[in-house]
Amino acid sequence: MNPNQKIITIGSICMVVGIISLILQIGNIISIWISHSIQTGSQNHTGICNQNIITYKNSTWVNQTYVNISNTNVVAGQDTTSVILTGNSSLCPIRGWAIYSKDNSIRIGSKGDVFVIREPFISCSHLECRTFFLTQGALLNDRHSNGTVKDRSPYRALMSCPVGEAPSPYNSRFESVAWSASACHDGMGWLTIGISGPDNGAVAVLKYNGIITETIKSWRKKILRTQESECACVNGSCFTIMTDGPSNGLASYKIFKIEKGKVTKSIELNAPNSHYEECSCYPDTGKVMCVCRDNWHGSNRPWVSFDQNLDYQIGYICSGVFGDNPRPKDGTGSCGPVYVDGANGVKGFSYRYGNGVWIGRTKSNSSRHGFEMIWDPNGWTETDSKFSVRQDVVAMTDWSGYSGSFVQHPELTGLDCMRPCFWVELIRGRPKENTIWTSGSSISFCGVNSDTVDWSWPDGAELPFTIDK
């Protein structure tokens, strides 16, 4: 092979190698592009699947469930058809109260991230029950818990978590900025009512499914406040009671009818000798019954019952088994205020059954200790102090606090009646204990027509905490 042939041969081989290398590079680029496209398409497809979108001819809503995984909120979509909670059923017949939940939040909060709270309450949709609570913008066993005995501050917020769980930043969802609040579900969405602002000009912010729908301004400029428990929904309308005015004298009390977050009607009660605060309300056969706190001059509890047009009746529980705290020893009651030890009070509740009444109350007459349920078969209309059932749920030696009612609709339970339930706040810390903070845990019970038991389900936390020493 002469030199020219060698040059041509070597050149040809180099050209072939170069072409092959170019083809390989192009193939590599195409392969990377295809791989990227497949991954992107797969991620998009997975996202669509996780949303689990189903199209119905009727309306649907998305219930967001927060799952605590490595301190990360993961939202799992769950589509469900909406219903209307009619509230037309009567209360279920019951023989006693079965323990439903206990969150142990103070015990857990000694070592875990748990909110400093007060005023917890429970409300149920047709799918779930949630614990609502007013945080102090602080965690237990942390320096910002100092001074949280104060009721009203710009740091307080209404939040909620699954019932029975300790309220923490990892399982709770924000509802509203508030130092007084209420919430309820009409079958289609959550209504929340959060009151915040200065004492002489507070505003209630109404939200429906998380969106602001209306506001209500303080009309007496004297600490506008609401229930600190669930509102009541009947046939798509929800009802709440607000108070504005003195806590130790005649104030102004209004009932609000709300549809999808918008006030459609309101009325002021004509109750010149009554005092209504922190009402515990529930639906019963298409009407709403509220049992409230008289902080002015009554040691028995005032009530107001109204229909969907806000036509109302008022009175006091007549029984000589008194339900407020402080209160005198049981004796002769009154269908008006019982003035003995009538000043001050505590949020509470009762359930009416015809002429009879289940009364929830602290075991102590003078302090927020213990809790018991009493069945007075004639207590709604008669003034004697005879009762036939007493069930203890918190011992006299253990702390209690606020209490309130909530119901489970037939759409949730599958029963043909409205199940009555109640919760009890177990307050710990200041002003009675040597801590820098005030907070509470909660327990709840539901009525059953079967066997129950007397016991004590106390808070159980050992104080003081590290931050208090």
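Using N, Cα and C of the backbone, Cβ positions are placed for all residues, glycine too.
According to Swiss-Prot, the cysteine that forms a disulfide bond with Cys292, out of Cys279, Cys281, is Cys279.
DSSP classifies Asp151 (active site, proton donor/acceptor) as coil under the three-state reduction. Restricting the recorded positions Cys279, Asn365, Cys421 to those with a CA within 10 Å of the CA of Cys290 (disulfide bond) leaves Cys279, listed by sequence position. Rounded to a whole number, the distance between the Cα atoms of Tyr402 (active site, nucleophile) and Asn365 (N-linked glycosylation site) is 14 Å.
The recorded positions recorded for this entry are Cys184, Cys231, Cys238, Tyr402, and the Cα of Tyr402 lies nearest to that of Asn146 (N-linked glycosylation site). Per-residue pLDDT, averaged along the topological domain 'Virion surface' (28-469), amounts to 92 for this model. Residue density at Asn365 (N-linked glycosylation site): 17 other Cβ atoms are found within 10 A of its Cβ, drawing on all protein chains shown. DSSP classifies Asn88 (N-linked glycosylation site) as coil under the three-state reduction.
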